[in-house]
Amino acid sequence: MPELPEVEITARLLSAALEGAVVDSARAPGLATMQTFKPPLDALAGATLTGVGRRGKMLLVGFAGGGLVTDEDPEGRATLLLHLMSAGRLQLFEKRATMKDRTARIVIRLTGGADGFDGERELRLKEFGTRQSAWGRLLRRADLEADERLRTLGPEAWPDPPDLSILPPRRTLRGALRDQRVVAGIGRRWADEVLWEARIAPLRRAGDLDDDERAALREAIRVRLDEAIVGYADTLKLPLKDKMPVPERVHGHAGEPCPRCGDTILAVHYESDEMAYCPTCQTGGKPYKDRRFSRLLKD
Ligand SMILES: [Zn+2]
């Protein structure tokens, strides 16, 4: 699942390549993917891509001109807001998607771009699996900030994480950190990583932390997301792989030794979620073994 670092890297690389590219055509083979109809996606034809940004775990692709121009909006500025959900990716291809490509959800054909590419490319929102949960909304600039998906986002987790006294006291730390209305950008992977970094038990109640622990957790968010983005982003190039390499230490590493203390990393499962932690570093040596704990992952 792409979280803040992966989405930030995607935005930077695509923006550097595609700024100034002109849209030839835009369509949505994923019938359920577009959640807005005005302006229609095909109004992007003739528009210039003005940049790719990020808010929380969402991508914002800016456009201006072309079919977006109206009497009320002579500059024709609009943003395609995209949420990749768990299995979506926004990637750039030099080959056209075939009609048979079942992963294509939104296809934007472009010419040119800031990287000097000479020819036609496709910016494609693709999604693995048969479920269509990734979504897009094409919003005029005047309507963007009022969109409830942006309006309800909490403060950005990076580059300057908020004071964590904002975490709802009765929620588990892992649940509160992943709630986009509380802090924007962190999901399962980075919640596990920052709690491990701060040596704090993931299922503690947010209100139980003392000031030092809250400060340590905030610093862990800053340090680990910095590590995953700053410097690292410069080592990656387009085309991005389906599974972007990320510097994980515990999430997805259950059964392996903790890189800090050597104890075995454990995991708690709930439905498709897997929470990884180190018992020595985080839970006073005690594993979460009771079924009660897996239910807490719902929070
Ligand atoms: Zn450890």
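Cβ from N, Cα, C; glycine included.
Going by TrEMBL, these are the annotated features:
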DOMAIN    2-112  domain 'Formamidopyrimidine-DNA glycosylase catalytic'
DOMAIN    249-283  domain 'FPG-type'
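Averaged over the domain 'FPG-type' (249-283), the predicted model reaches a pLDDT of 95. According to DSSP, the secondary structure content of the domain 'FPG-type' (249-283) in residues is 4 helix, 12 strand, 19 coil.
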